[in-house]
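Trainee: Please find one structure pasted underneath; my questions will follow.
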Amino acid sequence: MAKKKKTSQKWKLYEVKGGKVVRKNKFCPRCGPGVFMANHKDRWSCGRCGYTEWKK
């Protein structure tokens, strides 16, 4: 029996404040709007193109 694939859980990337939807993570500057960057302890990284921004 094959293992089940983990879902993307995109609902965790948004929150509602004052009746408006607010994005929690940044978009990738290379891929454009719609592709979120992953928030790590020391960096922001894009899983699609591999772009990385280091935190200071």
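Along the chain as shown, residues are numbered 1 onward.
Including glycine, each Cβ sits where the backbone N, Cα and C put it.
Annotations for this protein, taken from Swiss-Prot, read as follows:
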BINDING   CYS28, CYS31, CYS46, CYS49  Zn(2+) binding site
ZN_FING   28-49  zinc finger
Trainee: Report, as numbers and ranges, which residues of the same chain sit near the zinc finger (28-49): CB under 8 Å and 6 or more residues beyond its ends.
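Mentor: For the zinc finger (28-49), the nonlocal Cβ contacts are 13, 55.
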Trainee: In sequence order, which residues at least six apart in the same chain have a CB under 8 Å from the CB of CYS31 (Zn(2+) binding site)?
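Mentor: In sequence order, the residues whose Cβ lies under 8 Å from that of CYS31 (Zn(2+) binding site) (at least 6 apart) are CYS46, ARG48, CYS49, TYR51.
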Trainee: If you count other Cβ atoms within 10 Å of each one's Cβ, which of the binding-site residues CYS46, CYS49 has the most?
Mentor: CYS46
Trainee: Which value does the mean pLDDT take for the zinc finger (28-49) in this predicted structure?
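Mentor: A mean pLDDT of 95 is what the predicted model shows over the zinc finger (28-49).
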Trainee: Have a look around CYS28 (Zn(2+) binding site) and count the other CB atoms within 10 A of its CB, chains all included.
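Mentor: Other Cβ atoms within 10 Å of CYS28 (Zn(2+) binding site): 22.
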Trainee: If the Zn(2+) site is taken as the center of the Cβ atoms of CYS28, CYS31, CYS46, CYS49, which further residues of that chain fall within 8 Å of it by their Cβ?
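Mentor: Output for this site, in sequence order: PRO29, ARG30, GLY32, VAL35, MET37, GLY47, ARG48, GLY50, TYR51.
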